[in-house]
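Here the structure comes first, spelled out in structure tokens, and everything after it is commentary.
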Amino acid sequence: MTEKEHFFWNKLLELAKEELTQATFDYYVLDTKLIKIQDNVATILLEEVKKLFWEKNMQSFILMTGFEVYNSEIKVEYVFDEALVSETKPTLANNDFSNKREQQTPDLPTLNSDLNSKYTFDNFIQGDENRWSVAASLAVADSPGATYNPLFIYGGPGLGKTHLLNAIGNKVLHDNPQARIKYITAENFINEFVLHIRLDKMDELKLKYRHLDVLLIDDIQSLAKKSTQATQEEFFNTFNVLHDNNKQIVLTSDRNPDQLNEMEERLVTRFKWGLTVNITPPDFETRVAILTNKIMDYDYHFPPETIEYLAGQFDSNVRDLEGALKDISLVANVRQLDTITVEVAAEAIRARKIDGPKLTLIPIEDIQSEVGKFYNVTVKEIKATKRTQNIVLARQVAMYLAREMTDNSLPKIGKEFGGRDHSTVLHAYNKIKNMLAQDDSLRIEIDTIKNKIK
């Protein structure tokens, strides 16, 4: 630049800094560059997403500075890639939005989406616990940026958040192969940021993330736990650019936005701009459906009772079910089995059970008998439908102990209690479990019954 061009540019920056907030100046103005002023036309290099801001907010500053330095009106041409700047006289840009020219776009680098192609909506098992999350994910995949932006999905580990993130990306890519999509964990985003800072290549990082069509960030809580203020600042700016340009953002977390205590408040606020949905652990029917789907990957026959047994053993997340199938596969392979019985499954998963080996040899009838003796009711009454208070308590305690002390599936336990549904067994189990946390006398009663059964 000539000395006069330097003077013009410095005056313009000083004026903008006086009139704009510090954050606005830092984001929209600080990293722009004056290429040249020729024939009263200033060629200014900036990111394409900032052009509209300059046209709306900087034109008056340019006009004032132009008359002060050049005693003339200075018009503007905005360019987005310095390598494409022409030596010929540029087309003028002004505030007349009815005469917009075609925008130049940066030469974007090749992007690896890092999507896992095996995760799709077709193989995601829906249940009541994830129905809203699936519906919202399908909506943003069908129309990225048009609704629910950002989409924030939270829940415990192993419940399908990563699956949904990838399913969104895979569907968008299927519908639009040219779409720029990036799946990344928050921790890897932090690592990329640190690397680009160390190499002094932040422009590359901005070019990569601020020109996406869909950004999918997994485990965003890591940004609060492990990042510096500078990392959160960069993500804040990236979020703003994408959101302002109606580009889709989807985030997952192990907690809802309000519980991200170490996250900057302005980020938490933005996370809540769109839709927040929760995924909870799958119910029994969903676990059966998940297992039925996943055993298709194995060359073994799983009878229905084995599937129901496994579904009754793990109720916290899908990863436990997947791990159980791997354990069973190992045992079946070593023994060269074709059919996985309940007994084989019980032996294979024994080490995986948190509370150690179950007493698989204890008959449910023995539990019913001891509970009946303690509460002075008959086994026949426990199995029947009579609902007097002492019988109901005895029945629920017996169901609780059958769940705790045996490896029987919920449907099998229900069958032993007069053909009751598995949901009745689960309700009884949860009720007694909750009562034990508050009722010391009940805990003593159940411990006494357990000792007699053993």
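Glycine is treated like the rest: Cβ placed from N, Cα and C.
Per Swiss-Prot, these features apply:
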- 1-83: region 'Domain I, interacts with DnaA modulators' (REGION)
- 83-113: region 'Domain II' (REGION)
- 114-332: region 'Domain III, AAA+ region' (REGION)
- Gly158, Gly160, Lys161, Thr162: ATP binding site (BINDING)
- 333-454: region 'Domain IV, binds dsDNA' (REGION)
- Spatial neighbours of Thr162 (ATP binding site) that are distant in sequence (at least 6 apart) but have CB under 8 A: Tyr119, Asp218, Thr252
- Message: Quick check on the region 'Domain IV, binds dsDNA' (333-454): DSSP residue counts for helix, strand, coil, in that order please.
- Response: 84 helix, 1 strand, 37 coil
- Query: Between the binding-site residues Gly158, Gly160, where is the Cβ count within 10 Å the lowest?
  - Reply: Gly158
- Query: In DSSP terms, helix, strand or coil for Gly160 (ATP binding site)?
  - Reply: coil
- Query: What average pLDDT is reported by the model for the region 'Domain I, interacts with DnaA modulators' (1-83)?
  - Reply: 86
- Query: Do any residues at least six apart in sequence from Lys161 (ATP binding site), in the same chain, have a Cβ closer than 8 Å to its Cβ, and if so which, in order?
  - Reply: Ile153, Tyr154, Gly155, Asp218, Thr252, Ile279
- Note on the structure: Grouping DSSP H, G, I as helix and E, B as strand, the residues of the region 'Domain I, interacts with DnaA modulators' (1-83) number 49 helix, 16 strand, 18 coil
- Additional residues around ATP, ordered along the sequence, whose Cβ is within 8 Å of the centroid of Gly158, Gly160, Lys161, Thr162: Gly155, Pro157, Leu159, His163, Leu164, Thr252, Ile279, Val318
